[in-house]
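Quick look at what TrEMBL lists:
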- K40: active site, proton acceptor (ACT_SITE)
- Y269: active site, proton acceptor (ACT_SITE)
- R142, M316: substrate binding site (BINDING)
- 248-373: domain 'Alanine racemase C-terminal' (DOMAIN)
- K40: N6-(pyridoxal phosphate)lysine (MOD_RES)
Amino acid sequence: MVVSFHRPTRVVVDLAAIKENIRAQQPYLAENQTIFAVVKANGYGHGVLAVAKAAKEAGATGFCVATLDEGIELRTAGFTEPIFILGPIDLSGLKWASKYQLSLPVTSLAYLEDLIAQAEQLSLSKDNHLLLHLAIDSGMGRIGFRENQSLQTAISLIEQQANLVWEGIFTHFATADEADRSYWQQQFSRFESVLASLPRQPKYVHVSNSATLLWQKPIGNVIRMGISMYGLNPSGEALQLPVALKPALSLVSALTQVKLVEKGEGIGYGKTYETKASEWIGTVPIGYADGFIRKFQGFSLLVDGYECEIVGRVCMDQLMIRLPKELPLGTEVVIIGKSKDKENSLQDLANYVDTIHYEIACLISARVPRVYVEES
Ligand SMILES: Cc1ncc(COP(=O)(O)O)c(C=O)c1O
């Protein structure tokens, strides 16, 4: 998808906020722990390369991504730090994992056996070994070993292969962002007993996302820091943050048309809105192809400190808002962020469409340019 620079809609990312958020959480780390910045999904919609650079400057010593391609993107951009791929890769991509030294998760014995068979075809040199992390399903039910016998077999299989390196072990918690700690505790205990059963500890042990770092007991030596680095509360509104974080992302646009529409006229597809009086209607160049979904109809955008309701259906590329008065073309429209004394947070948008802020940020499509500032 081509990035549309020639329209006023853009994501503005404050890189100073990302750096401050990382630094503000350093006191939560134990001495042996380091931060790996989770920059999957285009840095949670913020733009992967700029976020990775900022995170590195603030002290992150490695990165986590979801896919092999995301790892390759970081490597080819020049990042030499360790990169963990958090989801299982299609084994046809093994040669790239080896070439770019990207650490892979091993999710089951069957997957490992396939991986070994594929690796044999590659005739890897000693320098091009595969770095493997054993995924433990301690209760998330997503990826990883649930059963200790196959885990032990996997470890001995890896140790027998000259070109495989058992580099790490990890798990992921399902409820680290909840006040009720019982399920988190259950997962934690399961993982602890897995650790106790290991013949040795690999180089990396990693279990902690942002919520585990902030509210639970972060063990292991790598913290996989995602959402808190972007300045958002991992729990949404459920738990209070123990540290002040600053949201890094704003989404802005501008009025591309302003018109006075007579009472009783229809606005948008399906004529779902009819003007109640003579109304000033503004058009904004953002729509569902930008990730601003149709469910936002009725939500208010901010123009010059005014709350302006989205009237009519959100179109693919544009939407209409009701203005309090005639405003000049080009007036800034804030979708996410501050306008005078008003603010639309990612959390406000998430609440409106009944989802989480992670999803709203990730939905903003590649068509919207990402612009970087250092404001804090
Ligand atoms: C395996 C894994 N680790 C870490 C993270 C980062 O989580 P958070 O953004 O809540 O810090 C994620 C996010 O989805 C994940 O899937």
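Think of each number as a place in line: the chain as shown, counted from 1.
Placement of Cβ uses the backbone N, Cα and C atoms for every residue, glycine included.
Here the structure is a predicted model, which means the values were calculated and not measured.
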Given the recorded positions K40, R142, and counting only Cβ atoms in the protein chains shown, which has the most within 10 Å of its Cβ?
K40
Could you put numbers on the helix, strand and coil content of the domain 'Alanine racemase C-terminal' (248-373), residue by residue per DSSP?
23 helix, 50 strand, 53 coil
Around the Cβ of M316 (substrate binding site), how many other Cβ atoms lie within 10 Å? Please give the count over every shown protein chain.
11
Over the domain 'Alanine racemase C-terminal' (248-373) the mean pLDDT stands at 98
Measuring CB to CB from Y269 (active site, proton acceptor), give everything in the same chain under 8 Å that is also at least six residues away in sequence.
G312, R313, C315
What's the CA to CA span in angstrom from R142 (substrate binding site) over to K40 (active site, proton acceptor)?
17
Give me the CA-CA distance between K40 (active site, proton acceptor) and M316 (substrate binding site), in Å, as a whole number.
26
